[in-house]
Amino acid sequence: MAVFSPRKFSFSIIFLGLMTVLRSQAALDVHYYDRTCPEAEKIIRYTVWNASMHDAKVPARILRMFFHDCFIRGCDASVLLDSTPQNQAEKDGPPNISLRAFYVIDDAKTKLESACPKTVSCADIVAIAARDVVAMSGGPFWNVLKGRKDGRISKASETINLPAPTFNVSTLIQSFTKRGLGVKDLVALSGGHTLGFSHCSSFQARLHNFSSVQDIDPTMNPEFAETLKKKCPKPNKNGNAGQFLDSTASTFDNNYYKQLLAGKGVFGSDQALYGDYRTKWIVESFANDQSLFFKEFATSMVKLGNVGVMENGEVRLNCRVVN
């Protein structure tokens, strides 16, 4: 992880003039908690920082949690709800079984309920925490619009609508378009894979019997493919085996795009971005200009954070259960 000091919380700040733009149905505001819970962001920031110091996997896990929450029913913290005997919740859907670090959100919520009860929504905690893990890992800082409400519905069956690591670019564009996100948002947000790790199950189909004429996905760098095959043999008896999604997986940077240019994208959906004329030029732009990537990533994260924001939800007292 990039060097980080709690006393010198000096983010790579990108000031965005997004205080009143990109509104969804509910009116969000950067200053939403200024009067009702002025320490909210500070409490979340230090909770996330403390967890990340004890577990270097936390940043990638929180960022992934935010994506998976917003892509199903919008950014309403539905991914945090526990299953009940009557309902299997999102977190127990197949794509979300590997989601972790829910305890970090729980910890922040407990502290916030002590400081300002019944005020800060779980959805806002996830959105703020996602920004903070990016910034503390060396990436951009942006102003998070706040005022989301928490949803009361969470269904595992709906996680089928999450983008899969096997998607081609057309399917990815369709998925993002349904959420009001464009092609540039798709490529920028995919850069979130600069943080993180994948188990073999998400990419091993590219390594063994890829097609009737190719054993390995021909878009993959051959040497890289052989390295992955050693980590993910067939059959693979190690359920923890896998690969970091770029070579600087604890630092938020543009190395992910450089990996794609070299044919070293881990997911088929990632490598496909470099093979399609609609997205290739954006991949090349971000690989060549990290500051441009940071700017566009921050802008796209604000847009993603506005997907499906609710007016009629609640502020949960416990992020795992509805009130």
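Note: Cβ is positioned from N, Cα and C throughout, glycine not excepted.
The record in TrEMBL pairs C319 in a disulfide bond with C122, which is drawn from C75, C116, C122. Cβ neighbour density within 10 Å is lowest for C37 among the disulfide-bonded residues C37, C70, C75, C200. A 10 Å radius around the C-alpha of C75 (disulfide bond) takes in none of the recorded positions listed as R64, E90, T194, C232, T248, C319. Other residues of the same chain near the Ca(2+) 1 site, with their Cβ within 8 Å of the Cβ centroid of D69, G74, D76, S78, E90, are C70, I72, R73, C75, A77, V79, A123, G151, S154, G308. For the pair D69 (Ca(2+) 1 binding site) and C319 (disulfide bond), the Cα-Cα distance reads 13 Å.
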